[in-house]
Amino acid sequence: MAYFSTATSLLLLVLSVSSPYVHGASDCDTLVITLFPCLPFISIGGTADTPTASCCSSLKNILDTKPICLCEGLKKAPLGIKLNVTKSATLPVACKLNAPPVSACDSLPPASPPTANGQAPVWGSGWAPAPSPSKGNSLIPISGFSFVIVTALAMFRI
């Protein structure tokens, strides 16, 4: 038991040190981890019809703190957990929150540390409710985000 937790922690450390995202997106990784309570609602095979209060609270915190991190969470990929992107896009509406549309993620630079003049990149002023789900099923694997989720689940035995 302790061996598994130690091995998982060591693996996480090694992968995070070698990750190209470590320096620019570590703040986002920390924020995205708080969305674990949303997995039953946004993951493929998730059984929740509505997000929990804890999920909505975490989403609100990210939107208030660094909304670009939601894009980072969707852009990162490989390890296991797959998100239903269509359902993920409805999360802000389900939580009764305003958020930039998912389509805005493509036009944004990756999250990064403050620029040379000391200012962080700005998200933009295009705030609007997330779009309603369309017919069909948009599914993509989400990896970096997935790795963090899988590791946390293993460590906390959720």
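Quick reminder: no glycine exception, Cβ is built from N, Cα and C everywhere.
Marked as disulfide bond by Swiss-Prot: C28-C71 (among others). C71 (disulfide bond) carries a helical DSSP state (H, G or I).
The disulfide bond annotation in Swiss-Prot covers C38-C55 (among others), and the record cites similarity to another entry as its basis. Proximity of C38 (disulfide bond) to non-local residues of its own chain (separation of 6 or more, Cβ distance below 8 Å) is seen for P51, T52, C55, S58, L59, L91, given in sequence order.
What Swiss-Prot lists as disulfide bond is C56-C95 (among others), and the listing cites similarity to another entry. For the recorded site, C95 (disulfide bond), the DSSP three-state label reads coil. Around the Cβ of C95 (disulfide bond), the number of neighbouring Cβ atoms within 10 Å comes to 22.
Marked as disulfide bond by Swiss-Prot: C69-C105 (among others).
Annotation comment: Swiss-Prot describes N84 as N-linked glycosylation site.
Look at Swiss-Prot and you will find S134 tagged as GPI-anchor amidated serine, backed by sequence analysis.
The annotation signal peptide is assigned in Swiss-Prot to 1-24.
Proximity to C28 (disulfide bond), defined by a C-alpha to C-alpha distance within 10 angstroms, is shown by none of the recorded positions C56, N84, C95, C105. Most Cβ neighbours within 10 Å, among the disulfide-bonded residues C28, C69: C28 holds that distinction in the structure as shown. When other Cβ atoms within 10 Å of the Cβ of C56 (disulfide bond) are tallied across all protein chains shown, the result is 20.
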